Amino acid sequence: MEILSNLTSTFPTFLLTGIPGLESAHAWISIPFCCLYAIALSGNSMILFVIFTQHSLHEPMYYLLSMLSAADLGLTISTMSTTLATLWFNAREISLDSCIIQMFFLHGFTFIESGVLMAMAFDRFVAICDPLRYTTILTHSRIIQMGLLMILRTVILIVPLLLLLKTLSFCRANVLSHSYCYHPDVIKLACSDTRANSICGLFDLILTTGVDTPCIVLSYILIIRSVLSMASPKERHKVFSTCVSHIGAVAIFYIPMISLSLVHRYGRSAPKVVHSMMANIYLLLPPVLNPVIYSVKTKQIRKALLSLLLTK
């Protein structure tokens, strides 16, 4: 037993969870999941294809949108295999190393998406509040620099967070709450002291969401002030309508993320199915809805998609 305990501690294996209480219906539940994954993959791939093939869309706003779609694709792909494997084949076992790799991409693309949404808010701020300097402030090289900074920030913050997991011991039933590895969910199962992990996780949260969210809010406060100073109501509506897509993207990214964090922090007595559903909504909602929002609300994207589809 001691040998088994040491093996479990050194080479821990985790068990993923599908939809608790509905195990017998996993095959049927997988159908809407497959449809949502297909929408997310095809929608974001099409947005990326249209932006890179249509020269009229080679502008800062659309380059940032392509980064958002790439982050959404990354989020979808990083969890799709384990979720569908759990639902289709009940393949629940995952090693710590595989868990760490999945968390690197899952949390990494989440951090990148948060940074892209902040950059898009800055783009809208410059376009509305200082339109004459828009092309000089948001140059192509500056957009590339912003993208590289987002990636660098992600790597610097997430690598220490995940390396700390290797120092933990796991010696109990390692059943995760979701069909993928989520950092707060994993450290709850550790037998050793997790204070360093919690502090590092909080530090990462402050330097990503804690920085990005106030910047987005500040950008929109300045945008609203600038829009309200316009004399014509028609002009106000026209200018503010350019922000609708971005506001929608911010809402569908942050609301599920905050809700899932609150469920993990305060909802331990909540039914397991609540944890599972919140986790799946958190990851599937942005990749599925972002292409729809931008296709419907952004005239240039809509026209480019229609021309692409009609030519075929």
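The backbone N, Cα and C atoms fix where each Cβ goes, glycine too.
Caution: TrEMBL annotation is automatic and unverified by curators.
Computed from a predicted structure; not experimentally measured.
Positions annotated as domain 'G-protein coupled receptors family 1 profile' by TrEMBL: 43-294.
The transmembrane segment feature in TrEMBL is assigned to 27-52 (among others).
Under the heading transmembrane segment, TrEMBL lists 64-88 (among others). Residues 16-19, 26-27, 29-30, 33-34, 37, 40-41, 44-45, 47-48, 51-52, 94, 102, 105-106, 108-110, 112-113, 116-117, 119-120, 123, 143, 147, 150, 179-181, 249, 280, 283-284, 286-287, 290-291, 294, 298, 301 of the same chain sit 6 or more residues outside the transmembrane segment (64-88) yet have a Cβ under 8 Å from a Cβ within it.
Positions annotated as transmembrane segment by TrEMBL: 100-122 (among others).
The transmembrane segment feature in TrEMBL is assigned to 143-165 (among others). Panel annotation: around the transmembrane segment (143-165), residues 60, 63-64, 67, 96, 99-100, 103-104, 107-108, 111-112, 115-116, 119, 183, 186-187, 196-197, 200-201, 203-204, 207-208 of the same chain, lying at least six beyond its termini, place a Cβ under 8 Å from a Cβ of the stretch.
For 205-227 (among others), the entry in TrEMBL reads transmembrane segment. If one looks beyond the transmembrane segment (205-227) by at least 6 residues along the same chain, the residues whose Cβ comes under 8 Å of a Cβ in the stretch are 111, 114-115, 117-118, 121-122, 124-125, 128-129, 153, 157, 236, 239-240, 243, 247, 250, 254, 257.
What TrEMBL lists as transmembrane segment is 239-257 (among others).
The annotation transmembrane segment is assigned in TrEMBL to 277-296 (among others).
The transmembrane segment (27-52) and the transmembrane segment (239-257) are not in contact, since fewer than 3 Cβ pairs between them lie under 8 Å (pairs 6 or more apart in sequence). Mean pLDDT for the domain 'G-protein coupled receptors family 1 profile' (43-294) in the predicted structure: 90.
Distant neighbours of the transmembrane segment (239-257): 68, 110, 113-114, 117, 120-121, 124, 127-128, 209, 213, 216, 220, 223, 227, 230, 278, 281-282, 285-286, 289-290, 293-294, 297-298; these residues of the same chain sit at least 6 beyond its ends, with a Cβ under 8 Å from one of its Cβ atoms.
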